Every structure is written in C-alpha cells, then in structure tokens.
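Down below is the structure, laid out as structure tokens.
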Amino acid sequence: MQQSLLVNSLVKLERLANKLPHPVLLFIYLILVVLVFSALGSYLNWQALHPITKQPLVVTNLLSVEGLNLFWSKMVTNFTGFAPVGSVMIALLGLGIAEKSGLIDAVLSRMVLKAKNNALTLMVVLAGILSNVAVDSGYVILIPLAGVLFHTAGRHPVIGIVACFAGVSAGFSANFLIGPFDAIMAGITQNAAQLINPQIEINAGANYWFMAASTLIIAQVITFIVNRLIEPVITQHSYQVPSENINTVSSTQVKSNASLYTLATLALIVSLTLIGLLPENGVLRNPETQGILDSVFMKGIVVYIALVSACLGCVYGYKKGRFNSFSDVVRAMEESFASLSGYLVLMFFAAQFVALFSWSGIGQVLAIQGAELLHALDINRLALLIGFMIMVMLLNLFIGSASAKWALIAPTFVPMFMLLDIDPAKTQAAYRIADSSTNVITPLMPYLAVVLAFVQRYIPNAGLGTLIAWMFPISISIAFIWTILFAVWWLTDLPFGF
C-alpha cells in the first residue's frame, strides 16, 4: 500500500514536472519577463537606496530604443564574457585529456577494487563522490562496476548500484578536488554578487574546505544508511546475474608501469608547486603582499588544475597506449568539448538573462527591498539560509539542472543575502547542499532512467518508485546531516573556502 502510494505520488510529480518548459525555453520566457517588467518598473519609478553608496537605484527600461540597442550590441560579449563559460571550457581541456587517457577511470576503479569486503560500501561511495570531476564517468562506469564488484564479493549487486548512485549523485557537490562544477557555481555566484559589489571576485575554491570535509562525512552517512537500512530491504529481492559482462574491470587491467610514471609526474608537479608557494618570496605568491590566498596562483586555480590534469593524462595515456601521437591528445580535448554542446546552448540564454537582469536594475531593487524586509523581520541569518535550502530542495524536484537553477535564482538571492552580511560563498554552499542531497529522488534527474536500467538487469520488475523508495532515506539523511554540518561551520566561523 505504501509502495503504491509512493509510486502514484511520483508519477503525478513527474507529470507535473514534465509540463515545465525546457530550461532554454524557461530562460527565454524569463528574458521576456525582464524586458516587460523593466518597462513597467521604469514607468512606475521603482527604486531603492544603495546601502553603501547611498545613491538611488532605479529600474531601467530595456524596451526603449536605447535598451534594445544595448541588448543587440552586447549579445555576443554577454556570452563570451559569462564567467561559467570560459572557466569550464579551460578545465575540461585538461580533464578531458585525463579522462580519455583512462587515468580517471583507472584511479576510481582501483579505489574500488582494492577495497576489502567490509569496506567495500564506503570505497564505492567515496569513489562515486570523487567521480564528479570526470563528468559522466561515475554514472556510466562506476555504477555498473559497483554492481559487479558486490556480486563478486558475495553481496547483492543492487546494493552496490544504490550505494554508488548515492555517492555520484547525492554527493555531487562534495569532493577533495576542484572540478568543473566548482568553476560553474563560482562564475554564476560572482556575476550575481557583482550586482552589489562590482569588484568582488569568487573563485572555484570558494567552498573548498567545507566541501572537502563534507566528502568524508557524507560518505560515512551514505555507507551507514545503505548498510543498516537499505541492504536489508534490497536483500529481500532475489536477483538474476545478466549474461553479458557489465563494464567489468579486473585488477590486472589497472596495473601497469603507466601508474608509476604518472605518480612520478604528479610528485614532480607537487614539488615544483610547493617550491613556488612555501618560501615567503615564492614566485607563485602575491608579489606585493607575499600572500597565497590573494595570489595569481589561487585566482588561476582552474588553469592549474587543467594543466596538472593534462600533464598526468598525457603521461598515462602515452604509457598506456591510449595516445600514440599528439593528434590523439587533441582528439581527447575535442571530444571533451563535444560533451559541452547542451551546456553551452543553455549558458548562452542564461548569459543573456543575467545581463538583462543586471542592466534593468530589477535585481538590485529587489535585493535591497527584500533585505530591508528580512532585516525588519529580524530573522536569524542561519535560519534564513536553512529556509533557503528547503526552498531549493523543493525546486530541485521540478528543475533538475544545478547550473540552470543557480543561474535562475542567484541574481536575486546572492545580492539580497549580501545586504544581510551573508558571504556569497556561504549562500553558494547552502545552495549546493540542497541541490545535491535531493538529486537522487527527483524524477527529472537525467541519469535516473540509466541507473534504473542497471538495477533492472538484476531485478527486472524494479520500477522508478522502487528505486526512489530506496534512495529516499539516503536523501533525507544527507540533507539533515549536511545541514547540521553547515550550521556547525557557520557557528564556529570556519572558512568555507579560499
């Protein structure tokens, strides 16, 4: 009865969500809304007093000749100058080489293959969390591999699939490494924050310390819930072993001299980096302040990650035989860019929306008036952010794309919270927690059907409701524990990043 109710509820939710327009069309609608409301706001003289400069901010009519000319002439630079575009493309140049060389898959697979049976769940979850730097590898390689490994270890293979799916998707924002998603989030946050402070810079490491700590904690939470709550439920289902070989990776496949050469290259790069950072007059430090956090190195952390990934990927790829010439390396970069096509289309329209929203002045006026209202209500800032997280969790059930949601709501909430003395990095961290923790239960998650197909190889009669019913306790537990961790981080005033 409860299962039937859950399935019916999810079917209704999926039907409702499917009525929402495509994210690209959603941004087109929002562009039209901004144009109309800019004209209305200008006519009604909407304005607010800037809390820092004390200058009045008014809404600008973008439906005027001047406004439309501005939009027409800046359409190209709106896109090319949109922060999430360039940083992600640079990161993927390097990460694409590392991925196509087989390095990332080998590292993740070795983590899992080396795990003993009693630590298998934890290692599968941890590998899933770390896989988000490699875009889709976690979904298409690790999740089916986890099923095979659990079966080999004498455990129900679907437990491995569920555990890995939780790590890959619900732990999406957590990581020890800075990846493309960090760059995307930081770019959108920076554009939103500059509505209030045009000089502010948000780098890809803005949430690093918090997300690095979250990695171990979230991995432990998922492991505990899977072992104690989910495994007893799944083991009640008998399973069949598919005849085909599902992405199996033997221990001999991941052993080669390529690993030794890659480790030596990594050691050399780390040594050179430390030589440039550790001395007070190090060449990678800020030449004026001798600081590290305000250095060009930290501002270009995405470039550094891309270069390191490219170097390691080239060494591994050549030694492994994946790359036989420089043309193969170039092809790897080209293929990584091919995966960006949908993202770039979305970002083109998101960039136009963000630019128009900024020019109109609607965002500043809404942020200031909203901040004044919240200040008058005297709501605790931490409670305010927790309420914001709950809103994002609900929104995630209808809009699956993390970058699309953030581009949609950041221009309003980031400036508004800044005026309440909430650091943009903290607002971004709150958003990432809410978005990640509910990924595994939203019917609009693009890979949900893929994961269900992996499950159905072992349990053919498993349905969407079955899978989400298994994932629901994991989602709720992660949201609860991650929110507590956020509160502890906030109350102890620990740095969220750099």
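Even glycines carry a Cβ here, placed using N, Cα and C.
Bear in mind that TrEMBL entries carry predicted annotations, made automatically and left uncurated.
The transmembrane segment feature in TrEMBL is assigned to 20-44, 79-98, 119-146, 158-178, 258-277, 297-316, 337-359, 379-399, 406-425, 437-455, 467-491.
If you count C-beta pairs under 8 angstroms between the transmembrane segment (437-455) and each of 20-44, 337-359, 379-399, the highest count goes to 379-399. When Cβ distances are compared across the two stretches, the transmembrane segment (406-425) makes no contact with the transmembrane segment (158-178), since fewer than 3 pairs at least 6 residues apart fall below 8 angstroms. The stretches the transmembrane segment (337-359) and the transmembrane segment (79-98) meet in space: the count of Cβ pairs below 8 angstroms, excluding pairs fewer than 6 apart in sequence, reaches at least three. Here the transmembrane segment (20-44) has Cβ contacts under 8 Å with residues 58-64, 67, 345-346, 349-350, 352-353, 356-357, 360-362, 365, 398-399, 401, 404, 407-408 of the same chain, all six or more residues outside its ends. Simply put, out of 79-98, 297-316, 379-399, 467-491, 467-491 has the most Cβ pairs sitting under 8 Å from the transmembrane segment (158-178). If you look at the transmembrane segment (297-316), the same-chain residues 6 or more away from its ends with a CB under 8 A from one of its CBs are 87, 90-95, 97-103, 106, 177-179, 183, 201, 203-205, 258-259, 261-262, 265-266, 269, 273, 276-277, 284-285, 322-323, 329, 332, 498.
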